[in-house]
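Heads up, the thing below is written out as structure tokens.
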Amino acid sequence: MAKSLRSKWKRKMRAEKRKKNAPKEASRLKSILKLDGDVLMKDVQEIATVVVPKPKHCQEKMQCEVKDEKDDMKMETDIKRNKKTLLDQHGQYPIWMNQRQRKRLKAKREKRKGKSKAKAVKVAKGLAW
């Protein structure tokens, strides 16, 4: 069964609401933990992941140099993609494209291929007017 536009929109809006209310939810959970003294923080760390903000500037020069070396080690893998068909060099569609759209494009591509083959057969047989 296909997903309706309404359900997609609702899901998107719920995700936005979660982002907006995340700080309030975190503070509420922390206050609950403060009330119950026998709960260990190790147990909480297994359940929820705590994100620590990263410093904007490197504090030591050694850390900056190490980061630069890691950036150089990255492999550049540019995926060559046909702009018209959206297929890459291996014949795969992009991840973000849904299955119905892939199926539709594949059928369209095969339809064009079939027409050109039929035309070639007619020309070969001498039936072209």
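Every residue, even glycine, has its Cβ placed from backbone N, Cα and C.
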Quiz item: Any idea which of 1-27, 55-81 is down as region 'Disordered' in Swiss-Prot?
Solution: 1-27
Quiz item: Can you count helix, strand and coil residues in the compositional bias 'Basic residues' (100-122) using DSSP?
Solution: 23 helix, 0 strand, 0 coil
